[in-house]
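**Q** Pasting in a structure now, in structure tokens, and then I'll have a few things to ask.
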Amino acid sequence: MASVKLASLIVLFATLGMFLTKNVGAASCNGVCSPFEMPPCGSSACRCIPVGLLIGYCRNPSGVFLKGNDEHPNLCESDADCKKKGSGNFCGHYPNPDIEYGWCFASKSEAEDVFSKITPKDLLKSVSTA
């Protein structure tokens, strides 16, 4: 009976040790970030999820990450997203290649004006289909 308990305990510790060693080299995707920071959160393994135009929080990419995009009124992947959410007519993408989405603006000129104050104009990517 004691050997069964000991064997179970050994399996438990071996499993726990396996999971702990996998996370030792993993990047910490926590804290505050800027969508303009490259790489975001200090690691290309993390994503910066904006809560405002200039500030966000670091997270590992996952299904929860994509779900947040649908729920946020200003995050977009296309002009159609902005129109559907009623947040604007133009999706101005962040110049950071690690961020797959943008911010809704009333027009392309408004997006260029805002982003030009933060970063050079030529980095603004347009995904407008119209």
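Every residue number used here counts from 1 along the chain in the order it is shown.
Just so you know, glycine gets a Cβ as well, placed from its N, Cα and C.
Annotation source Swiss-Prot lists disulfide bond at CYS29-CYS46, CYS33-CYS48, CYS41-CYS58. The signal peptide feature in Swiss-Prot is assigned to 1-26; the stated evidence is sequence analysis.
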**Q** In whole Å, how far is CYS41 (disulfide bond) from CYS29 (disulfide bond) when you measure between their Cα atoms?
**A** 7
**Q** These are the disulfide-bonded residues: CYS29, CYS33, CYS46, CYS48, CYS58. Which one scores highest on other Cβ atoms within 10 Å?
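**A** Top count of Cβ atoms within 10 Å goes to CYS48.
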**Q** Sorry to bug you, but what's the C-alpha spacing from CYS48 (disulfide bond) to CYS41 (disulfide bond), rounded to the closest Å?
**A** 7
**Q** Could you measure between CYS33 (disulfide bond) and CYS58 (disulfide bond) for me? Cα positions, answer in whole angstrom.
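**A** That comes out at 6 Å between the alpha carbons.
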**Q** To the nearest whole angstrom, state the Cα distance for the pair CYS58 (disulfide bond) and CYS48 (disulfide bond).
**A** 5
**Q** Around CYS41 (disulfide bond), how many other C-beta atoms are within 10 angstroms of its C-beta?
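**A** So the Cβ neighbour count for CYS41 (disulfide bond) comes to 25.
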